[in-house]
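Undergrad: Take a look at this one; I'll ask things after.
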2 protein chains.
Amino acid sequence: MNLNLGNVSNALIGKSLKTEELKGEKFNVFWGLPIMSSDAISSVAYAGEEILLILMPVMGLLSYRYMLYASLCIIFLLFMLIFSYRQTIDAYPGGGGSYIVATDNLGTTAGLVAGASLIIDYILTVAVSASAGTAAITSAIPSLLPHTVTITLVLITLLVIGNLKGIRESSKVFGVPTYIFIFLILVMLIWGIIKINFMGYVPKSSYKIPDVSGTITIFLFLKAFAAGCTALTGVEAVSNGVPNFREPSQKNAKIVLMLLAFIVLLMFGGISYLATLYHAVPNSNVTVVAQISWQVFNGGVLFYIIQAATAIILVMACNTAFAGLPLLLALMAKDGYAPRQFAKRGKRLNYSNGIIMLGLLAAILVIIFKGDTHYLLGLYAVGVFISFTLSQCGMFKRWTKIKINGWKHKAFINGLGGVLTFVTTIIIGVTRFTRGAWVVFILIPIIVYTMEKIKRHYLKVAQQLRLSMDELRKYEKVSFEGQKRYVIVPIDTLNKSFLKALNYARTISENIIIFHVSVDDEVTNKLLKKWNEYNIGIPIIVKKSPYRSIIKPLAKFIDSEEYAAGPKDTITVVLPQFVVTKWWGNILHNQTALLIKTILLKRRNIAIVTVPYIIDEN
Amino acid sequence: MNLNLGNVSNALIGKSLKTEELKGEKFNVFWGLPIMSSDAISSVAYAGEEILLILMPVMGLLSYRYMLYASLCIIFLLFMLIFSYRQTIDAYPGGGGSYIVATDNLGTTAGLVAGASLIIDYILTVAVSASAGTAAITSAIPSLLPHTVTITLVLITLLVIGNLKGIRESSKVFGVPTYIFIFLILVMLIWGIIKINFMGYVPKSSYKIPDVSGTITIFLFLKAFAAGCTALTGVEAVSNGVPNFREPSQKNAKIVLMLLAFIVLLMFGGISYLATLYHAVPNSNVTVVAQISWQVFNGGVLFYIIQAATAIILVMACNTAFAGLPLLLALMAKDGYAPRQFAKRGKRLNYSNGIIMLGLLAAILVIIFKGDTHYLLGLYAVGVFISFTLSQCGMFKRWTKIKINGWKHKAFINGLGGVLTFVTTIIIGVTRFTRGAWVVFILIPIIVYTMEKIKRHYLKVAQQLRLSMDELRKYEKVSFEGQKRYVIVPIDTLNKSFLKALNYARTISENIIIFHVSVDDEVTNKLLKKWNEYNIGIPIIVKKSPYRSIIKPLAKFIDSEEYAAGPKDTITVVLPQFVVTKWWGNILHNQTALLIKTILLKRRNIAIVTVPYIIDEN
């Protein structure tokens, strides 16, 4: 089976890569931009709509004005973040995610809170974006609607496979649609503005704009602002992923970050402006972007291409999480806060365990919520802003401590960033608390607690395994001359496999006990008869087991022997195990040997010897 | 965790039972009847309706007459089966299921075909009946409709737990509703007849009887007959389960079989007659039985109780399968045609693996078909009739061979049974082929092939393990004096766990090789420095692994050593393994030792020693 699985794995993922090939697996600016920022870029497809959705029922036609205000606030926040993160990239060439920055400057707990927040948001990104992408597909082809969950799961599976293949290949696979999306939205913006301002097109909204039913309140505006802040998720990924860039990686990352800012500025601002020009009204059937592009392109072929590109980029947005989360988990695992397996590079040199875990958890969320993004959106974005805040505060504290040249300017930028992101976190937390944000506030402490527990575990293990020079000197004097060796060989049937084990036992000791657990009198009598007939000269100990358990009587016997042997002697248990060459063969045998091993391993003075007997099936 | 799991298991299933308690866990006639025949009895809830469903669109009002004819044919077939199976019970006191009878008299392949057919039908019984029971519940409480699959899965889980608890307890749990159902249907029959014949009630059908649009054809009548034959599934269970009855088990089983026949006769015939009197018309909203009982009880409380009892007994019908399939699988496993684990009694003395497998497969079917019985019904009943036919033919052959007193009479009964069931199998197979029966005709050969392959596997294993007297004599002369012992101890880090393993290795040999696989130069250099510093005096062999695999270089090295050692010497690999006491601790470590063991076990001249090092976490 190993061979077969290996072949399947090669076909899907590609051949193993050598550790030295690590350097080749990195992106330049051209491919780094789409793969690191598809999350941020794709969110322009819905961020403006989210704002209008909050404002429209109350403010009617006036919504467009306040939408522009909110968009400007968000773009301002974006640029503050970009400037802040450029400083982070300079300071942390090894990847300056919130986890590192917060740990480094604010202490472990802050770092873990930042890490936990990001983990939650990365998983949500995949679940939300894949579901939204599916929704875009099923809106275009309604006959696929009953298969929403299946399609979403297939998409996630494809993403997992693509990411397991490796960074460079996946950037090419996933980068192209991002460029197509950017290009098409820009075409729409330019043509849309020309059409109205120079060609005298009179926009006709297909949906009625509600009447103004209230006045603008601060809370309403903040709610709209908070809704639009989903556009900012994903910025973290670039500075977290500095080592993923080709040398000079810091410079490349900073270029990508700046390009990202301008693209989001252009697209988010542009779509907000077009929404105003074309009087788009959010509703559950047709997206705002679709309403605009329908009018701009007269429902022509470009409309359909834009819809398709939107669907694709929403799925691609998941990829930011696939690039970010495994790296974050690897960092945390190296520090001992996450299971060690996340720090291990897979055959294609990426952190395959993180990729698979992300895919699995997102798939579970999709199954639980039946691919409905509505419930998931409430939990979204809080996590990212908590980590933003911690990262900015960490950077601020760093500058005030190390006081390098121009530290005041740097501290001002990060300090302002910290205040703004903190305020935004509060705004998002409050306006979305009942919509699901409360779950995040419960999950973060649980995750942090678990991570600290994991760390304690690793520490304890390391402490107990550590060797001092003294202990080693003691070891050198150990003599094995007078030591008795107790060897127990359990027997079930007198066959070749048992005999091979007994042979082996005889090579290491002359002090052998054969032990038989009797669950069936008939079988035991047959065995004893055969045993006596064959006259091997080693006594057999028989123990009855009324509850049919093989392991309990054996464990009990070993415990009593262990007691008799004294604390210094090791008891060796030799287990005959026949090995079948075909993988399905193992299903056909009671895996008693395995169970015995698991139980016995918990004893201190024991050594378990497995003597395989190969069954040839050809 | 073992302790916790044990407690949960005790709370759910009850304490372990001793092997000697086996005799107590059997049923008398009173409890054996409902548990062994709930499948057959519950089918009267839909068998009549299935017949009408076929006839009504063509025959209109005339359907009732042909329904009575079809019902009479089915009841005749039922009695033929009962007489045949009474003879089987006499001949096979150890349980005379089709598998045994066919194997015994017609050969292995016939037996396996019978077994495979029954396995398919038992699994379908659980899936279909649990789904139908849920449908009855959701019809009464429509608000539960979106949770159909969940409810069905909960029901199956409860059945699994109940059955794992053990035979006697489960018979009481599951037997009562069957009696309630029988009692209520009888009340309905009697009152329904009195109401029309003596009280002058004029039935008013709530649904329009379709006009007569065709004439009766043989194919139509056979289709109706085949549809009604679902009433006969489950008869097998009684004769298959003879050992489940208290002594005298054969007599008790025969009594139950006879009682079953009369109950089905009364209820099935009675409902057919009442359907005629009350002009019930099958439709997708209200069942035929519900239409009758609504009129008989004027929609009063008894109507609702009957509906509830119907729902419950449909779920209980699954229990016939839970009583039958594990026993069948245990028989097949003892013969080597099914994985051995099915023959092992669980802590409550029942065949727990079979119970769990049945629950799992049925649950998978329910999930795949989303709890919709419609698709499953097409596959149903073919399997049972194939096994009926093989069983009857087997009995017929038996009588013609052994020719005991009165064999001609016995052979006539089983021969007639064989012809009738064979004809019925053909009828069901043909009329339902396109509705899903074809799947069964594909599955049976696949299952039979797999079973034969399993048998061949077990035979090969047994052959290769078997010891002849000669081989044993050879063994007695073996001398271990001059034998060199090669011991390899892999090292990752120089810590206490490794040292304990090395200590053990030194007790069994002086020929020790320390082997290190280098995946990270830094780690390796650190290890080598420490190694030289400590000056233990044993050389270390370092092998670079560019693909980061620990196992491949180690396996390669062992192969080369094995080659050097020659075919007679055993190579011992001593693996240090630290053991964490908390169950979740294992998740936190790369299970390299386990993987190494799995790979190395496939080598012939090897012994693998695991030396545990316990990490104390308190």
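Indices start at 1 and increase along the chain as displayed.
Placement of Cβ uses the backbone N, Cα and C atoms for every residue, glycine included.
Keep in mind that this is a model prediction, so the values were computed, not measured.
Just lifted these from TrEMBL, have a look:
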TRANSMEM  B:66-85  transmembrane segment
TRANSMEM  B:106-132  transmembrane segment
TRANSMEM  B:144-161  transmembrane segment
TRANSMEM  B:173-194  transmembrane segment
TRANSMEM  B:214-235  transmembrane segment
TRANSMEM  B:256-281  transmembrane segment
TRANSMEM  B:301-331  transmembrane segment
TRANSMEM  B:351-369  transmembrane segment
TRANSMEM  B:375-399  transmembrane segment
TRANSMEM  B:411-430  transmembrane segment
TRANSMEM  B:436-451  transmembrane segment
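Structural setting of the listed features?
TA: Only residues 6 or more beyond the boundaries of the transmembrane segment (B:214-235), in the same chain, are considered here, and those with a CB under 8 A from a CB of the stretch are 37-40, 43-44, 46-48, 50-51, 53-55, 58-59, 62, 66-67, 69-71, 73-74, 77-78, 81-82, 85, 121, 125, 257, 260, 264, 268, 317, 320, 377, 380-381, 384-385, 388, 424, 427-428, 431-432.
Residues 29, 32-33, 36-37, 40-41, 44, 47-48, 51-52, 56, 64-65, 67-68, 71-72, 74-75, 78-79, 82, 85-86, 89, 182, 185-186, 188-189, 192-193, 196, 203, 205-209, 231, 235, 238-239, 245, 288-289, 291-292, 295-296 of the same chain lie 6+ residues outside the transmembrane segment (B:256-281) yet bring a C-beta within less than 8 angstroms of a C-beta in it.
Within the chain, the transmembrane segment (B:301-331) has long-range Cβ neighbours (under 8 A, six or more residues past its boundaries) at 34-43, 45, 95, 97, 99-100, 115, 118-119, 122-123, 125-126, 129-130, 132-134, 136-137, 139-140, 155-156, 159-160, 162-163, 167, 170, 174, 177-178, 180-181, 184-185, 187-188, 234, 236-237, 240-241, 243-244, 287, 289-290, 293-294, 338, 342-343, 350-355, 357-359, 362.
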Undergrad: Give me the stretch from B:66-85, B:351-369, B:375-399, B:411-430 with the greatest number of Cβ pairs under 8 Å to the transmembrane segment (B:144-161).
TA: B:351-369
Undergrad: When each of B:66-85, B:106-132, B:351-369 is checked against the transmembrane segment (B:375-399) for Cβ pairs under 8 Å, which one has the most?
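TA: Going through each listed stretch, the top one turns out to be B:106-132.
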Undergrad: Short question: which residues 6 or more past the ends of the transmembrane segment (B:106-132) have a Cβ under 8 Å from it?
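TA: Result: 39, 42, 46, 97-100, 148, 152, 155-156, 159, 233-234, 236, 314-315, 317-318, 320-322, 324-325, 328-329, 332, 337, 358-359, 361-362, 365-366, 369, 371-373, 376-377, 379-384, 386-387, 390-391, 393-394, 397, 440, 443-444, 447-448, 451-452.
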Undergrad: Same chain only, please: residues at least 6 beyond the ends of the transmembrane segment (B:66-85) with a C-beta under 8 Å from a C-beta of the stretch. Say none if there are none.
TA: 47-48, 51-52, 55, 59, 96, 216, 221, 224-225, 228-229, 231-232, 235-236, 238-239, 257-258, 260-261, 264-265, 268-269, 272-273, 275-276, 388, 391-392, 395, 413-414, 416-417, 420-421, 424
Undergrad: Taking a Cβ cut-off under 8 Å, which residues six or more beyond the ends of the transmembrane segment (B:173-194) line up next to it in the same chain?
TA: 31, 33-35, 37-38, 41-42, 44, 162, 263, 266-267, 270-271, 273-274, 277-278, 292-293, 295-297, 302, 305-306, 309-310, 312-313, 316, 319
